[in-house]
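Trainee: This structure is in structure tokens; I'll ask about it shortly.
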Amino acid sequence: MDDKQWERFLVPYRQAVEELKVKLKGIRTLYEYEDDHSPIEFVTGRVKPVASILEKARRKSIPLHEIETMQDIAGLRIMCQFVDDIQIVKEMLFARKDFTVVDQRDYIAEHKESGYRSYHLVVLYPLQTVSGEKHVLVEIQIRTLAMNFWATIEHSLNYKYSGNIPEKVKLRLQRASEAASRLDEEMSEIRGEVQEAQAAFSRKKKGSEQQ
């Protein structure tokens, strides 16, 4: 495909990311209206660059005419404050009627050897386009802020070392992953106190805005 064909091919994926970001951010807004803790802290999204798509297709032996079977061309990340929030968000997504969950991978219960932790869902999302309805695959990653910090660092190191991270650095990453996991556990233990403090701050902020 030339540049124009790739641009046309990626249009529905960009549309899917933007629509889902609006919908998922809307969930957080509804919790805020109710002065309740939102299991969603924030949402980000992206469409894979063409170079990354081609690299993965080569690595996974995916022919170009089957490129739509790639599950993460469109991707969203949902960040949560607490590990328990991940289960709540997961149940919300499974209950939705505007897309269908077609795959899931739990890297929290069984983290990768590198130390990577996250919960992945793949959904089939229907789009309304000028040519009619089109379904695209979107990967949704759900993780805590600590998990996301670790994953961002690992991604940067993978890029720096072209996927061949030195063993000494790998060991430090694994230790950092264990530390991040302990942090999540500790935060879960004081969840009630954290939420009370956040609620008090939110009430104070609203009060000052109304004055």
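Quick reminder: no glycine exception, Cβ is built from N, Cα and C everywhere.
Among the features that Swiss-Prot reports, active site, proton acceptor is placed at Glu139, with the record citing a curator's inference. Under the heading guanosine 3'-diphosphate 5'-triphosphate 2 binding site, Swiss-Prot lists Lys21, Val22, Lys23, Leu24, Lys25, Gly26, Ile27, Arg28, Glu41, Phe42, Asn148, citing experimental evidence as support. What Swiss-Prot lists as guanosine 3'-diphosphate 5'-triphosphate 1 binding site is Arg46, Val47, Lys48, Arg59, Arg105, Lys112, Glu113, Ser114, His120, Ala151, Thr152, Ile153, Glu154, His155, and the listing cites experimental evidence. Here Swiss-Prot flags Arg46, Val47, Lys48, Ser52, Lys56, Ala57, Arg58, Arg59, Asp72, Arg77 as ATP binding site, drawing on a large-scale study or a structure entry. Annotated Mg(2+) binding site per Swiss-Prot: Asp72, in sequence order, evidence recorded as experimental evidence.
What's the neighbourhood like for these features in this structure?
Mentor: Glu139 (active site, proton acceptor) falls within a strand segment according to DSSP. Annotation for Glu139 (active site, proton acceptor): spatial neighbours Gln71, Asp72, Ala74, Gly75, Leu76, His120, Leu121, Val122, criterion Cβ-Cβ under 8 Å with sequence separation of six or more.
Listed in sequence order, Arg77, Met79 are the same-chain residues six or more apart from Asn148 (guanosine 3'-diphosphate 5'-triphosphate 2 binding site) with CB atoms under 8 A from its CB.
Counting only residues at least six positions away in the same chain, no Cβ atom sits under 8 Å from the Cβ of Thr152 (guanosine 3'-diphosphate 5'-triphosphate 1 binding site).
Sequence-distant contacts (6 or more apart, same chain, Cβ under 8 Å) of Lys56 (ATP binding site) comprise Lys48, Ile62, Met70.
In the three-state DSSP assignment, the secondary structure recorded for Asp72 (ATP binding site) is coil.
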Trainee: Would you mind ranking the binding-site residues Lys21, Lys48 by how many other Cβ atoms sit within 10 Å of each Cβ and giving me the lowest?
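Mentor: Result for the binding-site residues Lys21, Lys48: minimum number of other Cβ atoms within 10 Å at Lys21.
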Trainee: Are there any residues in the same chain, six or more apart in sequence, whose C-beta is under 8 angstroms from the C-beta of Ile27 (guanosine 3'-diphosphate 5'-triphosphate 2 binding site), and if so which?
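Mentor: In sequence order, Ser38, Ile40, Met92 meet the Cβ cut-off.
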Trainee: Rounded to a whole angstrom, what is the largest C-alpha distance between any two of the residues Arg46, Val47, Lys48, Ser52, Lys56, Ala57, Arg58, Arg59, Asp72, Arg77 that the record assigns to ATP?
Mentor: 25
Trainee: Other than its own, how many Cβ atoms are within 10 Å of the Cβ belonging to Glu154 (guanosine 3'-diphosphate 5'-triphosphate 1 binding site)?
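Mentor: If we count other Cβ atoms within 10 Å of Glu154 (guanosine 3'-diphosphate 5'-triphosphate 1 binding site), we arrive at 20.
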Trainee: In this structure, which of the binding-site residues Lys25, Arg105 has the fewest other Cβ atoms within 10 Å of its Cβ?
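Mentor: Per-residue Cβ counts within 10 Å for the binding-site residues Lys25, Arg105 bottom out at Lys25.
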